[in-house]
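According to TrEMBL, the features are:
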| type | residues | note |
| --- | --- | --- |
| COMPBIAS | 127-154 | compositional bias 'Basic and acidic residues' |
| COMPBIAS | 156-168 | compositional bias 'Low complexity' |
| DOMAIN | 3-81 | domain 'RRM' |
| REGION | 121-168 | region 'Disordered' |
Amino acid sequence: MKNTLYVGGLAEEVNEAILHATFIPFGDIKDVKTPLDLATQKHRSFGFVTFLEREDAAAAMDNMDGAELYGRVLTVNYALPERIKGGEQGWAAQPVWAEADTWFERQQQEELQRLEAENRAAMQAAEELHRRKQAAEEREGEKEDETTAMKDDPMAQAEAEALQQNNS
């Protein structure tokens, strides 16, 4: 990748042929590109020159950075690798099935989490039902204790009979 140079600050008059002619004194050129603006169909003030040899690219960068072409000062650096959208390495740089294993693992983890949440909810509902049942049994036991206590206590029986006569 160190064979490709970024050339910035190009004047409108500069085309790929002029860019090629400007950099050919430094060595054999493999490719010259000037990306076009889709709206204006003109280059976007920069281009890329790819040399066959790294040494030629280094010499061109050393000599042409800060040089003037058609009245404009050029910026010449090593080109950065093209970034492709879709993650750290780019989705187009990977085969389609590259993330299949991780996708299945994520699906399994999500399903496991869903089942665990359902299980926790069911356990909480069962515990609540058990607490209610125990509370009801305790209340029944208290009523039985009261009726048993009334049978043993003649005074409590008399009070209960008086209440029943008053209510009738």
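Backbone N, Cα and C atoms are what each Cβ position is placed from, and that goes for glycine too.
The average pLDDT the prediction assigns to the domain 'RRM' (3-81) is 92.
Across the domain 'RRM' (3-81), DSSP classifies residues as 22 helix, 26 strand, 31 coil.
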